[in-house]
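Just below is one structure, and these are the notes that go with it.
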Number of protein chains: 2
Amino acid sequence: MSTPVRILLADDHALVRRGVRLILDSEPDLTVVAEAGDGAEAIALARTERPDLAILDIAMPRLTGLQAARELSRLLPGIRILILTMYDNEQFFFEALRAGASGYVLKSVADRDLVEACRAAMRDEPFLYPGAVTALIRDYLDRAARGGELPARVVTEREEEVLKLVAEGHSSKEIAGLLFISVKTVERHRANLLQKLGLRDRLELTRYAIRAGLIEP
Amino acid sequence: MSTPVRILLADDHALVRRGVRLILDSEPDLTVVAEAGDGAEAIALARTERPDLAILDIAMPRLTGLQAARELSRLLPGIRILILTMYDNEQFFFEALRAGASGYVLKSVADRDLVEACRAAMRDEPFLYPGAVTALIRDYLDRAARGGELPARVVTEREEEVLKLVAEGHSSKEIAGLLFISVKTVERHRANLLQKLGLRDRLELTRYAIRAGLIEP
DNA sequence: CCGGAAATGGGTGGCAGTGCCCATTGCCGC
DNA sequence: GCGGCAATGGGCACTGCCACCCATTTCCGG
């Protein structure tokens, strides 16, 4: 066997990093070479360490795991990426695939699975938990029914700013003041977000932002 | 040295349980004898295993860690309890103390700390992360300033029902229909919750419910 | 160069949430 | 028994959110 797979591990909870590290380091073909507590740190470490594989939590400060994944794919084209998350959610699953991830593992079900996902990623095989397969098939059928256009809907930067502030509990008037724009424009961005994400009101926007790690609960 | 401390570990993420177990079992004086994925399972296992120490995550399905802690203190009076959580929040810290916990450990800072907290709990010494000490002192000063009354405000069962439904995005009318009461009564419960918890609107109630593990984001 | 998307701003109307006032019933503990 | 608290319900007024309509400016890519 050749040298072990060099892994970058990013999660904002030291306890989780420690546990995952113990799990991975007990496998002879896997070794954790760097740990990051947020997305920005993950990118900085990836520049110097140049790992073979990055395991990224979605909900992290500064940069989310998905944002970090996009940046890492651009920076180190050969890198493999696994997204490790609490939430079984189609939206994030497809976002992860678009961001360059080759696997998606749930914290609630993973322990042995994580090791298998690492090996699958290095063999360039996708790793999908069972629920994700269902979502993938449903999406395929949906796209076929609609004639083949791909959704690829992405929240713009400005919209994400507004999303954060809405989810933090600011009123439209407050957000307008913070961003130096009119209340109407804030409401328009919010309406676009609701429509793009298929949500109903600012309460659902809040839950979305929490799942995405954009804000702390 | 006598027999190791027998520990019950409850967290809804298998990955976290696995990691924590690896950390604890590597200490000769600590051993994990049972793992639970939710609060109800934790209580059932505690009945049969009668552990010396329970480590409980706050955010769990069925029963939260705080609810489980209250029940465990009642059921097994000698048991020591550690609350292990993502959130550095005074509200939960004091709730945990009232629920019978002798320690409060943050996932974001704990790894070595967790082992120390276990040993402190078994010596009947409280374990406090630094921020908690600050909160404790501030609370002490506040109580002294107000003349010594203790807050002890607890959300009633009915209020908790309403809290969950509000946080899940149901309107007052929907909740009224689900609970067979009038819209006005729903609004009164919600208003009482806002006042008791020191929150401003249903969006903050949602974030509170998520932190408390009452609902999933 | 032209079409589309992003960002900006406006008006109108309806409904929900929230605050503040009022009340009754029933239960528990001192 | 009586005081307090939980749970129930109502009225009124204000504010904010959201849906639906309208528009202009800027910039990027084919």
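Numbers run from 1 along the shown chain.
Every residue, even glycine, has its Cβ placed from backbone N, Cα and C.
Unlike curated records, TrEMBL annotations are generated automatically.
Pulled from TrEMBL:
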DOMAIN    A:6-122  domain 'Response regulatory'
DOMAIN    A:148-213  domain 'HTH luxR-type'
MOD_RES   A:Asp57  4-aspartylphosphate
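Across the residues of the domain 'Response regulatory' (A:6-122), the predicted structure has a mean pLDDT of 87. With a cut-off of 8 Å between CB atoms and residues at least 6 apart in sequence, the same chain places A:Ala10, A:Asp11, A:Asp12, A:Val16, A:Gly65, A:Leu84, A:Thr85, A:Gly213 near the residue listed as '4-aspartylphosphate', listed in sequence order.
Residues in the domain 'HTH luxR-type' (A:148-213) partition by DSSP class (helix H, G, I; strand E, B; coil) as 44 helix, 0 strand, 22 coil.
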